[in-house]
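Participant: Supplied in structure tokens, the structure appears directly below.
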């Protein structure tokens, strides 16, 4: 009896230890992919072998990253309606495969040319501040190297832990980087940023125009004490002023943060080579429109924008199907920010897996749609009727 009691006590103790260490993870309503977290330990980074899509990456990082850091990356403004709309809009757009073209999809190319440079995929790592939160030691260098190894584009944020020169030095010999810059209130700082980007060999500038001196009120981040850079940006939101800034640099400036067809049309009229549609990941003004809604508005009111200049877009992209839908709506390249930052937790290997997961999904989607190259995707491959009533 005594030995049985001891065995039972040991079993109970082991069970208690197991249960106390078990992960109780709020999945935030993300789709159930069958992710098994039974072996995960809170505060410990799960193995990359557990990751099969970008939602898995987010949950894995949430499992081990500090609450302040996770809140900064994940947060949206106010009630996060735009953040969730970015994720939910894809459900309302249906893909329409075509067999009538009679294409042989044995060989599918995902290559895309962005501002004159050919990349292996039509999606890129979008600017995301404090990307080093998921790897404080190497920070953005992982993103540079991972993108380079995959033949993809990366546009580091000006709010990076590594300098403009350090990131440029980490790239491959044939790798192209773009640079994100804010129109600082301090003009000298802005001029210096332009000069540094040119000297370091960056090929274009994403000029973020959508947050004049204030960030959105991000309750989740404020609660956790996440960093706030409000007060340092210029209050001048004029696109004409942005066009004047082109005189300060030889690099093409791409206005980022465009969320209306009127502004997109003005960018075309002012001579910009490209425009970047973005609601800043739902982090600025809550209830702002999604990229899909903005694109449909452009198709209706200013189709010449899509015909005459390159258009990039981001917001809530998590799958290759999301990328295909934006490409079909006329986008030249698709940006992803949060998910790339999450992938950085596993270093260069994680960043490469981020690209490989999306490329596999996009390639599969293209084959099932009946297209062999990006240029074949157009509006006939998507049904947007459920969304068109949301247009302004």
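Cβ coordinates come from backbone N, Cα and C, glycine included.
Quick paste of what TrEMBL says about this protein:
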- 1-22: signal peptide (SIGNAL)
- 46-387: domain 'FMN hydroxy acid dehydrogenase' (DOMAIN)
- 72, 182, 218, 280, 283: glyoxylate binding site (BINDING)
- 127-129, 157, 180, 208, 256, 278, 314-318, 337-338: FMN binding site (BINDING)
- 280: active site, proton acceptor (ACT_SITE)
Participant: Give the three-state DSSP assignment (helix, strand or coil) for residue 280 (glyoxylate binding site).
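Facilitator: Residue 280 (glyoxylate binding site) sits in a helix per DSSP.
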Participant: Over the domain 'FMN hydroxy acid dehydrogenase' (46-387), what is the model's mean pLDDT?
Facilitator: 94
Participant: Looking at the binding-site residues 72, 182, 218, 280, 283, which has the shortest Cα distance to residue 314 (FMN binding site)?
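Facilitator: Looking at Cα distances from residue 314 (FMN binding site), the smallest one goes to 280.
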Participant: Work out how many Å separate residue 283 (glyoxylate binding site) and residue 180 (FMN binding site) at their Cα atoms, rounded off.
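Facilitator: About 17 Å separate the Cα atoms of these two residues.
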Participant: Given the binding-site residues 129, 180, 318, 338, which lie close to residue 280 (glyoxylate binding site), meaning Cα to Cα within 10 A?
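Facilitator: Checking Cα-Cα distances against residue 280 (glyoxylate binding site), none of the binding-site residues falls within 10 Å.
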Participant: So among 72, 182, 218, all listed as binding-site residues, which is physically nearest to residue 338 (FMN binding site)? Use the C-alpha atoms.
Facilitator: 72
Participant: Tell me the coarse DSSP state (helix, strand, coil) of residue 314 (FMN binding site).
Facilitator: strand
Participant: Look up residue 256 (FMN binding site) in the DSSP assignment and report helix, strand or coil.
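Facilitator: Strand, per DSSP.
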Participant: Work out the three-state DSSP category of residue 180 (FMN binding site).
Facilitator: strand
Participant: Give the number of CB atoms, excluding that of residue 318 (FMN binding site) itself, located within 10 Å of its CB.
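Facilitator: The answer is 22.
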Participant: Counting distance between Cα atoms, which of the binding-site residues 72, 182, 218 is nearest residue 129 (FMN binding site)?
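Facilitator: Closest candidate to residue 129 (FMN binding site), judged by Cα separation, is 72.
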Participant: Please report the distance from the Cα of residue 180 (FMN binding site) to the Cα of residue 218 (glyoxylate binding site), rounded to the nearest angstrom.
Facilitator: 22
